[in-house]
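Here is the structure we will look at, set down as structure tokens.
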Amino acid sequence: MKLKGEKQESSANNEDSKGKMTPMLALVALISAFGSSFQYGYNVSVINSPAPYMQDFYNQTYLDRNGEPMSSDFQTLLWSLTVSMYPLGGFFGSLMVWPLVNNCGRKGTLLLNNLFSIGAAILMGTSELAKTFEVIIFSRVIMGIYAGLASNVVPMFLGELSPKNLRGAIGVIPQLFITVGILVAQILGLNIILGSAEGWPVLLGITGIPSLIQLLTLPFFPESPRYLLIQKGNEEQARQALQKLRGWSDVDDEIEEMCQEDRSEREEGQFTVFSLCTFRGLRWQLISIIVMMMGQQLSGVNAVFYYADRIFESAGVEKKNVQYVTVSIGAINVVMTLLAVFIVESLGRRILLLAGFGLCCVSCAVLTVALNLQSTVSWMSYLSIVCVIVYIIGHAIGASPIPFVMITEMFLQSSRPAAFMVGGSVHWLCNFTVGLVFLYMEAGLGPYSFLIFCAICLATIVYIFFIVPETKNKTFVEINRIMAKRNKVEIQEDKEELKDFQAVPGGQAGKKGTSSSEL
């Protein structure tokens with residue numbers, strides 16, 4: 001029987017090898033994020049630059065069909081649908097997460113999801129040729145479904161592949177590629193590249209290329225070892241997948257930890273969304289992800305981008321050059337998210353969440369003052385620019401990337417798909433709501449609308465400070481034990497389960513099994 005001290009010594013000796021970013025792990029992270037997360041970001045901003053040319057196409061198509069131009073109200077409605085169908089599709093995609101990842105696996109879901117993207121890209125790319133704007137609106141829904149699945153499945157997949165000491169850094173990579181996608185769409189959408197009357201169908205159509213690359217390459221990489229062992233019960237395949245990912249053969253400790261997690265929750269089976277919402281043992285985890293997701297989307301990030309153009313114009317930037325300033329903001333977003341990849345494991349999740357929302361909160365408050373005074377105080381327009389940049393930095397290091405990392409870490413295998421389904425649905429519903437409501441808010445409140453975002457950021461900070469634990473460098477079971485105290489449920493060490501666990505093939509003798517009547 002392996003003693004506890006011997007086990008710790010073995011873990012210490014192996015930690016350097018297990019904790020390294022191997023080529024296999026790096027490649028699967030990059031291919032998953034480029035093939036899926038990149039397109040989420042790309043399609044967020046791809047229609048911004050060519051909007052006038054696309055609206056001209058809508059009007060011309062209507063004129064050719066009916067012999068008269070469409071009314072301005074109808075054109076506004078069509079364009080609102082083109083923009084808003086994307087987050088609505090994202091919501092529908094989030095609702096598909098639970099059944100797909102449980103039946104097709106994490107990798108299988110990503111591969112299947114590519115069909116949505118490739119199909120939508122072909123439709124959008126040929127829409128001008130076919131002289132139909134309805135196809136563009138329909139394709140935006142399909143791309144939304146794709147993005148809804150991708151935004152949830154990629155963090156789940158990479159979180160389950162990663163060793164615990166790299167889980168945060170690898171978990172931020174999807175958000176990094178979302179920001180890269182936004183930046184690439186902004187660059188390609190410049191008037192001198194594809195943001196023109198001739199170029200916009202190509203701009204919309206090339207979104208299928210990353211999906212095609214992922215469809216051809218991802219099959220050669222392993223499925224999530226946790227899915228294979230805990231949900232499929234295939235320890236041998238899980239062991240082989242782990243050995244490929246870690247780059248060495250001794251993966252007994254991780255297999256052992258997965259078996260412990262499996263036994264600790266075997267009584268409950270797979271959680272549905274309903275059972276997750278009614279289960280006392282996961283109450284605070286569920287509330288936490290809902291609060292963080294609402295805070296992420298309702299903190300005013302869309303409003304800041306909306307105001308950015310006029311803020312820079314008021315500071316003296318010429319209208320024709322504003323698009324280049326927008327690209328520079330996108331570049332800041334990428335750089336700061338890249339910074340988060342490198343600091344999340346040293347500073348921890350809580351610090352980045354608190355600092356990120358804190359910067360957003362202060363920026364919104366100061367921006368309210370600056371926007372109100374910039375007509376009377378000349379230098380206030382420059383303060384507004386500083387506020388925008390500080391806000392983007394805050395969102396990029398904490399509010400954007402960390403909530404998805406926390407969903408992966410705060411839930412065990414049986415409840416994680418349902419948790420992502422809830423978190424993703426809240427994410428996309430809030431995104432859709434802000435898109436609908438903000439223009440009315442802006443019309444009614446003007447710059448004072450940022451005070452609402454300031455209050456939301458502050459409320460999120462208070463919640464995170466008092467409720468959300470630090471999850472850095474902890475196993476999923478250890479995090480669950482921390483949250484069990486918050487939920488006022490007990491985890492008991494069961495000697496009978498310990499005996500059973502020693503008999504499990506591949507399980508290491510002497511490893512404690514955990515059980516709980518309520519976890």
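Including glycine, each Cβ sits where the backbone N, Cα and C put it.
What TrEMBL records for 29-472 is domain 'Major facilitator superfamily (MFS) profile'. Taken from TrEMBL, the feature region 'Disordered' covers 500-519. The transmembrane segment annotation in TrEMBL covers 21-42, 77-98, 110-130, 136-158, 170-194, 200-221, 286-308, 324-344, 351-373, 379-406, 418-441, 447-468.
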> What stretch of 21-42, 77-98, 170-194, 351-373, 447-468 shows the most Cβ pairs under 8 Å to the transmembrane segment (418-441)?
Replying inline: 77-98
> Taking a Cβ cut-off under 8 Å, which residues six or more beyond the ends of the transmembrane segment (324-344) line up next to it in the same chain?
Replying inline: 45, 168-169, 171-173, 175-176, 179-180, 182-183, 186-187, 190, 305, 308-309, 312, 317, 352, 388-389, 392-393, 395-398, 400-402, 405, 472
>> Tell me if the transmembrane segment (21-42) touches the transmembrane segment (110-130). I count contact as 3 or more CB pairs below 8 A, with pairs 6 or more residues apart.
In response: yes
> Taking a Cβ cut-off under 8 Å, which residues six or more beyond the ends of the transmembrane segment (351-373) line up next to it in the same chain?
Replying inline: 292, 295, 299-301, 304, 307, 311, 340, 343-344, 380-381, 383-384, 387-388, 390-391, 393-400, 402-403, 446-448, 450-451, 453-454, 457-458, 460-461, 464-465, 468
>> Looking only at the recorded stretches 21-42, 286-308, 379-406, which one has the largest tally of CB-CB distances under 8 Å to the transmembrane segment (447-468)?
In response: 286-308
> What average pLDDT does the predicted model assign to the domain 'Major facilitator superfamily (MFS) profile' (29-472)?
Replying inline: 93
> Should the transmembrane segment (136-158) and the transmembrane segment (286-308) be scored as in contact, given a threshold of at least 3 Cβ pairs under 8 Å and pairs 6 or more apart?
Replying inline: no
